[in-house]
Structure formats: C-alpha cells, structure tokens
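Participant: Attaching a single structure in structure tokens format; questions to follow.
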C-alpha cells in the first residue's frame, strides 16, 4: 500500500514537472529555469482550473433549483454554449491532449446539460428534457466509440468560435433588455471569466492549438462583458427586492 501511494505521488510530480523539469527543478534544485517555471505554472493552472470547474456552475444550478425557475437565462444561449463545450471536449479527447487541458470543458459540459434540463423541466417541458438527455448521451457514446471522424470534430471546433460569440451575445442582449441578470449566478460568471483567461496561457504553453486559443480569447472578452453587467445592474436587482 505504501509503495502504491509513493508511486502515485511520483507520477503526479512527473506530471506537474514534465520532460526534464523533474530532474532540473527537483533533483538539481534549479528553481529559476525559465522554461520549466512557465511549464510547471501551466500544469498547476490547468489542475486548478479543472478542480474549480467541478464547482463552476453549482451556484447556478442551486440558484435555479431553489427558485424553481430559469427566468432571465437564455435557453438558446445555453444550448449554443453547450455546443461549444461539446466541441472543445470531443475535439481535445480525439486529439489525445492532456486531460487537464480540457477537463474543465468536460465538467462544464455535464453541468450545462443539468442547467438546460432544469430550464426545460421548470418550464413544463419535461418530455423535451428527457429527449435532450438521451441525445447528449448518444453523441457522447459516438465520439468515445470513434464513430465520428477527427476532421468532423475539428470542423465543429472551428464552428464553435462564432457559436460562442452568438451564445454570449444572446445572454448579453437579454441582460441589457431586462436591465437585470435574472437567475444568472455572479460566482459562476466570474469563474468562467477567470478560467478562460487562465486557459489562454495554458493552451499557449501546452498545445499551441490556434483554434482553442482563439476560442478562449473570445470567451474571456464576452464573459468579462457579462460580469460587468452584474456590476451595472446590481442596484436594479436590489431595487426589485425592496419593491417585492
């Protein structure tokens, strides 16, 4: 048991300190090696983002559940956002990228599926919720079974860039028209903004994949706009609470 634990710790250290960085930094104590510093930072950021993503939309899910409503949340925006997450997850999985480079998209995808099911369920469209869940499961099985060619997944990843723009624009417009962010969770939005910002750095260091880097840059900008809307419309939300 002890040897097994030591082996797991050693594997983790080799993962965090990839290539020759394990030898350079941990064995030779050269902690100022520039290339290794940036690589280790990328790995730690990736691990941190993946862990945080486990809870990214939990505040949003709980807020909808307690309110028994998805008011103020654009269903179309959520569907388009889910498409983008599906594209990143499936494309990265098929390309064989390190899990921490797309693990956050994987966990976010699961949580977004839950949110969409909640929106459908609480708007008395339970049958649509069941069909939607079955569809997501079928697509996932098709990708894991390698029934969808990598060229198709690459195309979906490219398409996800304008999809992200449209998805976020719909939510931004909905917030502007209502002068309120409705049931959106400020915690979830901020974590999305911070996560996408960090992903730009990790993608540059780990994969250099231009499609993913551009996607994260655009997502960072648009999530930043939505976060600013929280600050702008905060007083409106407080006013509604006092009136009610």
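Note that Cβ sites are derived from N, Cα and C of the backbone, with glycine treated the same way.
Caution: TrEMBL annotation is automatic and unverified by curators.
If you look up TrEMBL, you'll see 44-62, 74-93, 99-121, 128-148, 154-172, 184-201, 213-234 marked as transmembrane segment.
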Participant: Answer with yes or no whether the transmembrane segment (154-172) touches the transmembrane segment (213-234) by the criterion of at least three Cβ pairs under 8 A, sequence separation 6 or more.
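Facilitator: Contact between the transmembrane segment (213-234) and the transmembrane segment (154-172): present.
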Participant: Any chance the transmembrane segment (128-148) and the transmembrane segment (74-93) are in contact, meaning at least three CB pairs closer than 8 A with a sequence separation of 6+?
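Facilitator: Since 3 or more Cβ pairs under 8 Å link them, the transmembrane segment (128-148) and the transmembrane segment (74-93) do come into contact.
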Participant: Using a cut-off of under 8 Å between C-beta atoms, tell me which stretch among 44-62, 74-93, 99-121, 154-172 contacts the transmembrane segment (184-201) the most.
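Facilitator: Per the Cβ count, the answer is 44-62.
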Participant: In terms of Cβ proximity under 8 Å, which residues at least six beyond the ends of the transmembrane segment (44-62) contact it?
Facilitator: 16, 98-101, 103-105, 107-108, 111-112, 114-115, 118, 183-185, 187-188, 191-192, 195, 198-199, 201-202, 206
Participant: Six or more residues out from either end of the transmembrane segment (99-121), which same-chain residues have a Cβ under 8 Å from its Cβ atoms?
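Facilitator: Apart from its flanks, the transmembrane segment (99-121) reaches 43, 46-47, 49-50, 52-54, 56-58, 60-61, 64-65, 70, 73, 75, 78-79, 81-82, 85-86, 88-89, 92-93, 128-129, 132-133, 136, 195, 199, 202-203, 206-207.
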